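Written out below as structure tokens is the structure these notes cover.
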Amino acid sequence: MTNQGKKLINDPNDVVTEFIEGLVETYPGLQYLDGFPEVKVVLRADVSSATYEKVAVISGGGSGHEPAHAGFVGEGMLTAAICGDVFASPPVDSILAGVRAVTGPMGCLFIVKNYTGDRLNFGLAAEQAKSEGYKVEMVIVGDDCALPPPRGIAGRRGLAGTILIHKVAGAAAASGRSLADVAAEAKRASQMVGTMGVALSVCTLPGQVTSDRLGPGKMELGLGIHGEPGAAVADLQPVDVVVSHVLKQILSPETNYVPITRGSRVVLMINGLGATPLMELMIMAGKAVPRLQLEHGLAVDRVYTGSFMTSLDMAGFSISVMKADQAILQHLDAATKAPSWPVGVDGNHPPAKIPVPIPSSNSTNSDESLSRPQQLSQQGHILEVIIEAAATAVINLRDNLNEWDSKVGDGDCGSTMFRGATAILEDMKKHYPLNDGAETVNEIGSSIKRVMGGTSGIIYTIFCKAAYAHLKANSYSIVTPVQWSDALEAAIAAVSKYGGASAGYRTLLDALIPASSVLEERLSAGDDPADAFILSSEAALAGAESTKHMQAQAGRSTYVSGEILASVPDPGAMAAASWYRAAALAVKDKYRSS
């Protein structure tokens, strides 16, 4: 069964020229020759054959492998890229046009992947260019390690390892080396690299149908970049197994494709074939490096991971391993303006992982200050009473909260709050530093963070951490009522900032905002703090009840009809009003008893 492939294109015959137009619009350092559709050549905008005094490095081939080859045009890499039609070698006239555009007296080097069409067309172009007086050398790259050593003249296919040759040759040319030297460097590098690809799907050419040759649950080992059949079709395996197989094939002493032995230094390239997510490519890189080190005894000096030479929309990857020495590494690390060459890869690799930082606040507090005191101060007694009353109120309200939440949410508000309240009570008995108000608030937040999931958990954690940050910033250990009021205001502001809700959104803030306003107002008026707390708790209850008349603007309640919302208050607001009211009553009772 086949299906028409989905492509974001216009006329399938125009995909290459329209790609080139978009490429040069994106990268101002690139230009193309005005010879469409026959001549499709991308070149450096700063190079002219009349003035260029270095060796020009030219590559190319069929399109469909982007970013290869045009994406690697730039100072320090390719001078020009000759683009054929999709999976078709570029014509000789296009290659000659590229030579004439960028080649000066130092000559040019062709880097050609080992496919018959490319070899013949670039070869003919080289001979004709020589007859016009140009100095031309050609290096053919055949880095495929998937198939048995060929007996005929075809040789190994050119794959993604070619990109590494582009970089070596480009760096050598940029340094002012002669054509003979640049060609020698490229040829030497081409003999040190091996590549093998694995495909999970075949690719779909523009305007053509998608083949299902590779069935579900299958992968093809050694599939070519034009969709040519590979060495074998196998069941899809975990990436560990696949990477191990590919590396063994590349480094096989039986085929001896690459001169890499234990103790060698190497560079690694993980190349996506067009439809493989970067996440999967990075997983492969993370598995390949230790295998090269531990199983094959190699020193991995550089790792390049990304999509460098693709096969349209093929799902799959290739791995290239290249023997490295100081000269190779210098060329790979040399500066380039080629837009698709990866940045940030050069240089020594620091340790891959470092310890998780410990919060500085923990290192400056003694164990005693962050444990339950042997003897409570007046503030410690008050905090203990408040916390116990508030947590108990939430525990007792669990069923009501779940019932309300079943109508306007997912039905677990009470259970979530119950877990947090229970943890707070248990932790308070063990290690809350109740004599230190700020640190106690911080520990409440830690208890909530540990056991409360969902939105409620993160909101209350933010609430506590913001209050703690405010108290800590002002060095409050013994906290006055006004300072508690300021901390409450700071906590509400943080919840509003990060959660996006404010008054009237039908959330817990509809209980806490009026409570904070009344508390600040009554304390400023000189009221007794306990009385001010009681009055503010009444405002919290009234605010929570008023949510029945609000249209939800945050959370799951936004999907519930107004008729249902009007039947129950917001569970989060009721929970907040409940613990706030219980805390206020506990303070009042504590003052009365004393």
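Backbone N, Cα and C define each Cβ position, glycine as well.
As annotated by TrEMBL, active site, tele-hemiaminal-histidine intermediate applies to H226. Residues or ranges marked as substrate binding site in TrEMBL: G62, S63, G64, H65, K113, D118. Summarising the annotation, TrEMBL assigns domain 'DhaK' to 11-341. For 381-585, the entry in TrEMBL reads domain 'DhaL'. The region 'Disordered' annotation in TrEMBL covers 346-374.
Within 10 Å of the C-beta atom of D118 (substrate binding site) sit 25 other C-beta atoms, taking all shown protein chains into account. H226 (active site, tele-hemiaminal-histidine intermediate) sits 9 Å from G64 (substrate binding site), taking the C-alpha atoms as the reference points. Counting other C-beta atoms within 10 Å of each candidate's C-beta, the binding-site residues G62, G64 are led by G64. Ranking the recorded positions S63, H226 by how many other Cβ atoms lie within 10 angstroms of each Cβ puts H226 at the bottom. Of the chain residues outside the substrate site list G62, S63, G64, H65, K113, D118, G60, G61, A68, H69, G84, F87, A88, S89, I225, H226 have their Cβ within 8 Å of the site's Cβ mean position. Here substrate is bound by G62, S63, G64, H65, K113, D118 per the record. The longest Cα to Cα distance in that group is 15 Å.
Neighbour count (other Cβ atoms within 10 Å of the Cβ, all protein chains): 28 for H65 (substrate binding site).
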